[in-house]
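Contents: one structure, followed by commentary.
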Amino acid sequence: MATLPTKDVAATAISPVLPPSPPIDDAQWGEKRKPLRRRVRELLWDSFDRSPAERRFIAKIDFFILTWAGFSYFSKNLNSNNLSNAYVSGMKEELNVVGNQYQTFTTMWTIGYVISQIPSQLVCTRVRLSLWCPSWELFWVIVTFASSAVKTPYQLYACRFLVGLAEGTFYPAVHTVLGGWYTKQELAKRACIFFASAFIGSMFSGYLQAALYTGMNGVHGLAGWRWLFVFDGVITLPMAVWGYYALPDLPSNTRVHWLKAEEKELALERMRKAGKHLEEPFTIHGLKRILKKWHFWVYTAYYTFFICSENIGTYMNLWLKSLDRYSVSQINTYPTVINAVTIVTTLCYGWVSDGLQVRAPIVYFSLGVCFFAACNLAVWDGVPFGLKWASFYLTGFAQGSGPVFLTMVNEHCAGDSLERKFILGTTNSVAYAFNAWIPLITYNTNYAPRFLVGNSVTVGLIVCAAATLTLAVWLQRRDG
């Protein structure tokens, strides 16, 4: 196993670097000033100006990784949205859902989602991702099929908990894989493409429910809402099986047959140039090392503030309903524009972030837009109708900066493989642990659509997020 020179004590204590390879052209890695034409080509798509061999390599990993990750995330978000669609399409009456039982469905999912992420990331330091992730995907499919057969709310409680447990292993693991294979010129785009696929599922859910309810309600004795879960399982099953073949683990331990030997060497060379290290298994000593650094505390704090501030746009339908001027179809359709805004801005963030090689400015921009929208909705009285409407849509600018921030985490923790995996898990897990109960207090539906407390708290959360991001940027620059 190759090691760093003895004079580099700090890096050696973390993990050995990837094996050295013959030098490559520095211009290929952006270390020389590039002509404008070449920079424009790279802004459009980063592999356009690479060597033919590297273009083929990038195209391969794009196809295999992003098809599995994107379609899987699409189906998971489709499933989450289908729960609410099923509730208003007959599930409430058929299962006799009363009181706060619907909220409990979401709570059970959140509990499973939160508790599985950190343990899963630690297991991934010792178990191959190509076995771990697709196996949980298959488990998710089984539980989703089971959700279509529940007879009581309590059975659905169990299903939602197990679905959350399986989903919790997915998101941080995908970012671990992306960070392992892509360079700084490529990573943000792929992270944003992956993230945007979830919101396509959100937009698609309502139309799917309408189609299934119309065409499948009563077929084989199943209500239309039950067919939603059957459909989720059917479209996800091929992706789960595909994952066993498509997921390439990491460059240091990949065994996939679709990469040639020279392409595996190229992957190692790319990661060596990016300063990334061989994988380190989880140990108590390694965990203590992580907790002594600022990365865990500051990155996790930022992401918690960020996630908890995202709830502001989810209540547009309650505002529209309170106006008594829109049909049920309009109330359900108009808020989906927020998802469209999120998809467009997410992809723009990824391209600009990689093209200009900036991370934090993208996140600051999204926070600024959301701060403006949150202030308008917090003031409420005296804010023109059109500005309120625009403010709800502007909240869609926020979420797409999440993968850009995680790209920043991926890059800054690249030199410590255990820390990188651990923090990718803790940021999401801790954030959703807080987000499970904060909206129940701040966005109590008894105060809809004004939500003075909720919108005001969101303004404060955005300010805290910006302050924490500033601290992170300062500490990163201090560390060099």
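Glycine residues also receive a Cβ, built from the backbone N, Cα and C atoms like all the rest.
Curation does not apply to TrEMBL; its annotations are automatic.
Summarising the annotation, TrEMBL assigns transmembrane segment to 191-213 (among others).
Per TrEMBL, transmembrane segment is recorded for 225-247 (among others).
The transmembrane segment annotation in TrEMBL covers 296-319 (among others).
Per TrEMBL, transmembrane segment is recorded for 331-350 (among others).
As annotated by TrEMBL, transmembrane segment applies to 362-380 (among others).
Annotation source TrEMBL lists transmembrane segment at 392-410 (among others).
Within its own chain, the transmembrane segment (422-440) has Cβ neighbours under 8 Å at 103, 107, 110-111, 113-115, 117-118, 120-122, 168, 171-172, 175-176, 179, 287, 290, 295-296, 299-300, 303-304, 306-308, 310-311, 406, 409-410, 413, 454, 457, counting only residues six or more beyond its boundaries. Under the heading transmembrane segment, TrEMBL lists 422-440 (among others).
As annotated by TrEMBL, transmembrane segment applies to 452-475 (among others).
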Inset, instruction - Examine the transmembrane segment (392-410) against the transmembrane segment (331-350) and state whether at least 3 Cβ pairs sit under 8 A, considering only residue pairs 6 or more apart. - result: yes
Legend entry - Contact call for the transmembrane segment (296-319) against the transmembrane segment (191-213), three or more Cβ pairs under 8 Å: no
